[in-house]
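S.K.: Sharing a structure here in structure tokens format.
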Amino acid sequence: MIVYRLYHKYKDRELFYILPLVVLSLAVNLGYFYKVMVSPEGFPTSDDSEWYLNYAYSMLDNFQISLHMNDILYMGYNMLLTLLLAIFKDPAAVLFLQAATTGLSVMLVYAIASRLFNRTTAVIASVFYSFSSGIIRWTTYVITDSFFISLLLLCVYLVLRCFESDKRRYKAGFAAAALLMVMFRPAGIITLAFMMVYILVRLGRTTVFAFLKRYRFVLGGGVAAAAAIGVYLLTSGKLDPLLASMEENIRMVLYNIYATGWVYDKSTPYDHVYTPNYEINIMNSLIVSFLINNWDHILILYGKRMISFLGWWVWRADFGSLWGVASFVRHALPTLLFVIGSGAAIMAGRFRQASVLWLVILAVFVFCVIFFIDVMYRYKAPALPFIAIVSAYGADRVLTAALGWFRRWKRG
């Protein structure tokens, strides 16, 4: 009875729901952190982790930023990691902060889901997020992903608040978070571009054209100044190191990933093996020539990556046994809930307001298809919180329909 009275007394207070979810998320993330820390293998490492740590230590010894692609496009994370190592010294402290930040970010998941849908969806999405191994796994690596996911959630939350309130602090906060996201890693640039589409859709054509008309001279002057600076930097050779390193990275992706037909970042039985055409015969460009000369094979490769974005389970489907069918259903259930949630959002007229979720997922999807999907699905991770929210809405609709059917059946 006491629990029942307490529930009805506090059930309409958001803290009543958020606090247990935060405790759950922190317990899962920090529990995994300590489990890995005390394991015989210790914290995992990777080539990227080694590079980030070495770069941060070199910055502590001699603060110098070059014009190489990795220095510029990962500047946000490099500076953050350098600062954290300067303060805490030990990389394990950075990993602890990653785990804690990921755990606390469940509040952003809850806030986004409750604003776009309802409280039930927010609770379910928070639980999905808290137990998502694709998110938790990266908290124990010194790489960009963990902090980037939290930063992306913050950006989405702030852009929603910008449309709810005229307070300048939300607009300033979004501008600062978006700038950091763009500087954090290259995927941030693509993600912000898709978020800008959402902003334009929410503002509407009339508001956008009125803004352009009102500030046409300021915007025109800014574009002209940016173009002039760009031309100067290009003609003076200032950007040569950056452009050369970017071209080299694109060439490596083309020759090491595209040319081999890899779906993932290493060879698998699901690759599209073909004999590439390396002839440079279009615009005297290796990149353009390769893409055009091998366009048919590249489209097949893109198709396989689109399928593989769902997960390893799509390649391992086994309908020849009961266990195989059960395994397929278990892995396909989140996708089914996502489809139901998407359809329900469209039918309920919520899609336009909540389209930022699908646009962020689409940004991650495009990045994975154009470049590659690593075998551990690390590059898919930023989409997982938003997939969780849409899937949670699908689960909410299924539960609501089931309860409605049960009540009708009970009444006879």
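Glycine is treated like the rest: Cβ placed from N, Cα and C.
Here TrEMBL flags 79-218 as domain 'Glycosyltransferase RgtA/B/C/D-like'. Under the heading transmembrane segment, TrEMBL lists 15-34, 72-88, 95-118, 138-160, 172-200, 215-235, 356-377, 383-406.
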S.K.: Residue list, the transmembrane segment (172-200) vs rest of chain: Cβ under 8 Å, 6 or more residues beyond ends.
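M.R.: Sequence-distant neighbours of the transmembrane segment (172-200): 73-77, 144, 147-148, 151-152, 154-156, 158-159, 161-162, 208, 355-356, 359-360, 362-364, 366-367, 379, 382.
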S.K.: Can you find at least 3 Cβ pairs under 8 Å between the transmembrane segment (383-406) and the transmembrane segment (72-88), where each pair is 6 or more residues apart in sequence?
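M.R.: Checked: the transmembrane segment (383-406) vs the transmembrane segment (72-88), no contact.
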S.K.: Give me the stretch from 15-34, 95-118, 138-160, 215-235 with the greatest number of Cβ pairs under 8 Å to the transmembrane segment (72-88).
M.R.: 138-160
S.K.: With the transmembrane segment (15-34) as the reference, which stretch in 95-118, 138-160, 215-235, 356-377 has the largest tally of C-beta pairs below 8 Å?
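M.R.: So the stretch in question is 95-118.
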S.K.: What is the average pLDDT across the domain 'Glycosyltransferase RgtA/B/C/D-like' (79-218)?
M.R.: 93
S.K.: Hey, which bits of the same chain come close to the transmembrane segment (95-118), Cβ under 8 Å, at least six residues off its ends?
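M.R.: Here the qualifying positions are 14, 17-18, 21-22, 24-30, 32-33, 43, 84, 125-126, 129-130, 135-136, 138-142, 146-147, 149-150, 153-154, 156-157, 160, 164, 345, 350, 353-354, 357, 385, 388-389, 392-393, 396.
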